[in-house]
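Q: In case it helps, TrEMBL gives these features for our protein:
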- D275: heme binding site (BINDING)
- 216-238: compositional bias 'Low complexity' (COMPBIAS)
- C271-C278: disulfide bond (DISULFID)
- C280-C313: disulfide bond (DISULFID)
- 114-205: domain 'WSC' (DOMAIN)
- 226-340: domain 'CFEM' (DOMAIN)
- 213-238: region 'Disordered' (REGION)
Amino acid sequence: MPREAGASAVHLGKRGETPQANVLANTIKSCSYWYDNYEGESCVVVRDYMFAISPETFSRWNPSVGLDCSGWQDWTSYCIQVASEEPPKTTTTTASTTTTVPAQSQTPTAVLTGWNPMGCFIDDHTLVNKSTKAGGGSLTVDKCQAACWSEGFRYAGVKSGTECWCGSFVGGDWAANQTSCNVPCPGDAKQTCGGKALLLVFEAQVKTDPLPPISIPSTTSRTTAITSSRKSSRSSNVETSSTALPAISSLPACGQTCFLNMINTYSSLGCSTPDPACLCRNVNFGYGIRDCSNAVCGVADASAVIAYQSKYCASALATAAGGTTTSTSATKTTSASSTTAITSLPTCGQTCFNNMLAQYASLGCTSPDPSCLCRNVNFGYGLRDCSNGACGTNVAGTVIAYGSAYCAAATATAAA
């Protein structure tokens, strides 16, 4: 069944111990967890954003996929976690000796505490995890939830009144009209069991994840160099370190959906690829995640999603700037000169903009430096909310566009 125009499908896709799609012959044999690509996400989204696996590690586990994502196929199961790997050979040269130690993972125990509704989602019938324990003329939401949980899935979805679907994560678009999931359940007419080509989805609430968490593959390297000809372009004695953010899969499912939906709109955000730094230079990336998570996650989970996005963008912009987190007066001058003067804005917009600049301390900056302000998504949020309230939506668009250009110039200058 074709997808609705302009909408992406809901994917109650499976992450589990047993692959449900085609497995290529050269895939690592010790794989413990799989991602089944049922006409779902792109290689970049799955590898880099959903599970935060390095290209080198992913290609080592899945040799059919190149470092540039060449060879990625639909209807194929890809390895996303291994139980063990043969220790890499230690290589010794006259210059250095390097030993690589694979990371280890743990398996927690899950305790079900309840189910939370996630909303009414569009479906395109690409799902394969149809429960054999629930469905038909006696289907209820409770029966579907119980069946999915017993089969090891965290998400349950009822569709078309008589169908029960299960999955380990959720991705896709909500129905334009959330009341369209209005088909009564045959086993309990007081409940609704989705709609025509629509899934009413629920998330299991647990003390720990019902499936072993995806451990972010990492390696620890120890190198003893005899001689070194490697020089830093900035300084010969400066040490740099960075701490990677947790995978997007660490967020609640509603937050994962919001995040992945915004990443998938990279073209409309002015990016040629879903590059984090490019996405984060457009304030609408943060706005979209905030609005989406506030709408579907509830206050507590939405706060966690927004905080993650703030750290995500701070890390992305700092990386794009070469790890530099401080700015000079020259940066400020260049940023200001590359954007139309603030006096070109209507008076209400100037007031909002100057008010946000004046809040630099609460935004974590030591001065009203543009690159610092723009690393905090609340700068853009405040500008948008103020201009919408003070200027009206028509004029606010001009102020928000100015803010986007202002921050794009600031971050580009900091990265120069």
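Sequential numbering from 1, following the chain as shown.
Just so it is clear, glycine is given a Cβ too, placed from its N, Cα and C backbone atoms.
TrEMBL: automatically predicted annotations, no manual curation.
Help me picture where these features are in the structure shown.
A: Annotation note: D275 (heme binding site) sits in a coil segment as assigned by DSSP. Annotation for D275 (heme binding site): same-chain Cβ neighbours under 8 Å, separated by at least 6 residues, are Y266.
In the three-state DSSP classification, C280 (disulfide bond) falls within a helix.
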Q: Out of C278, C280, which of the disulfide-bonded residues is least crowded by other Cβ atoms within 10 Å?
A: C278
Q: Could you tell me which of these disulfide-bonded residues, C271, C313, has the greatest number of Cβ atoms within 10 Å of its own Cβ?
A: C313
Q: Give the mean pLDDT for the domain 'CFEM' (226-340) on the 0 to 100 scale.
A: 66
Q: Between C278 (disulfide bond) and C313 (disulfide bond), how many Å separate their Cα atoms?
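A: Cα-Cα, rounded: 10 Å.
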